[in-house]
Amino acid sequence: MDDTIVSLKSQLLEREREVATLKKKLDQIEKGNSTLPELQEKVTSLSPLRLNTSLNNDDIMRYSRQLLLPELGVKGQIAISNISVLVVGCGGLGCPLAQYLAAAGIGRLGLLDYDVVELSNLHRQVLHTELTQGQPKALSAAQAISRMNSTVQCVPYHLQLSRENAIQLIQQYDIVADCSDNVPTRYLVNDACVLTSRPLVSASALRMEGQLTVYNYRGGPCYRCLYPIPPPPETVTNCSDGGVLGVVPGIMGCLQALEVLKIASGQECSFAQQLLMFDGEQTRFRSIRLRSRQKECVVCGEKPTITELQDYEHFCGSAATDKCRRLHLLSREQRVSVQDYKGILDHSTPHLLLDVRPKVEVDICRLSNSLHIPLASLEDKKPEHITLLKEAISDLQEHLNNQSPVQVFVVCKLGNDSQKAVQLLEKMSGAEVEAMTVKDIGGGLMAWAKKIDYCFPQY
């Protein structure tokens, strides 16, 4: 008899848990929240957030530690739950930002990214995993957030923000967080936020440094007030080119989340007219005051000339992508493909292979027959490296019995720096060094890894 009672009580407890789970799912559906976010591939109109006026017992338990803060309290938590935030970019900044906004109980999160998860993302983009490689980043992030806090409405967008869709999308959210990694998108997001009167919380991270500020908020400047003219494309470095220590975008993304939550809960914003700069090497923060909104600004000034979105790729002279840009500095005759170079190796044709990558990249991988002279050394004409080049060319000329100019092939990671090196070497040929014919290996070592040697490391 006792065993029967224990068994029945156990079954009853299990059924009660099932009923509680079903009630929770029903509540989510009634609030317009689905367990598995549906991926959006175009911008559609969203239904208004169901406004909360109080906290239930689960809310009080979940957010109890931040409810105890006098700066937030119940009023602030309710305000957070009634706010929607659009995160532009689900990468190194967007992942920690979205994670902490969801954990704090933001009402709706729009997650926008047109890219898919790659292995090289995982050291810094902490919402993605090995199992989500190949998935759209927006969907991967939304699913991770839904597992963490199912009460947050996640709307993943697998699309590229453009002049055609930005206004329609941004006007459906209360706050925008720019986590993008390219200049055209920054101008696009800024202008759309100004035209829709949305505050813009912007951050960036590169190498071991980060920056944070808030644009278009309570009379503060917009991005164009500070940067009316975009930088030359060749001066812009991104994570693919310059690298980044994973924890740095993590720090900046968390600070971004803090500013969003302060705006959402009605607290004073710290960086509406300040720029926070983080030096990860020294572990130091410093803040500098920014100039105020500019009367002559073309988008937020007294007489704006930009009243609709532009062609930002044309304006900036670069593509709206965080992928490495491809330079086209040489003629077709000055370049060879990796297949052509493989043929040169197979035929044992005498030549010099010059690797112009920085030493830190050469330490990762290299072709065994290459001579390493960094591009920077060629640009600065460092005597020790010019001497090294002269000796290598001289040795090869002796092997050829001085019958023809030495063939020099230049390689780098992607075929950009190698083109610059070819131009420098052609100017040196016959003057600072003996005559040579110089050609670039198109696509660089990453093309070699993809098309010739599948075991060669990619980075």
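The count begins at 1 with the first shown residue.
Cβ atoms here come from the backbone N, Cα and C positions, even for glycine.
Asp113 is the only one of Asp113, Asp191 that Swiss-Prot places in the ATP site (with Gly92, Ser120, Asn121, Leu122, His123, Arg124, Lys137, Asp181, Asn182).
Asp181 (ATP binding site) has a Cβ environment of 23 other Cβ atoms inside 10 Å.
Comparing Arg124 (ATP binding site) with Cys412 (active site, cysteine persulfide intermediate), their Cα atoms are 25 Å apart once rounded.
Here the candidates are the recorded positions Gly92, Asp181, Cys222, Cys297, Cys316, and by Cα distance the one nearest Cys412 (active site, cysteine persulfide intermediate) turns out to be Asp181. Per-residue confidence over the domain 'Rhodanese' (347-457) averages out at a pLDDT of 93. Of all the recorded positions in the list Cys222, Cys239, Cys297, Cys300, Cys316, the shortest Cα-Cα distance to Leu122 (ATP binding site) is found for Cys239.
Comparing Cα positions, Cys297 (Zn(2+) binding site) lies closest to Cys316 out of the recorded positions Gly92, Ser120, Asp181, Cys239, Cys316. A Cα-Cα distance of 17 Å separates Cys222 (Zn(2+) binding site) from Cys316 (disulfide bond).
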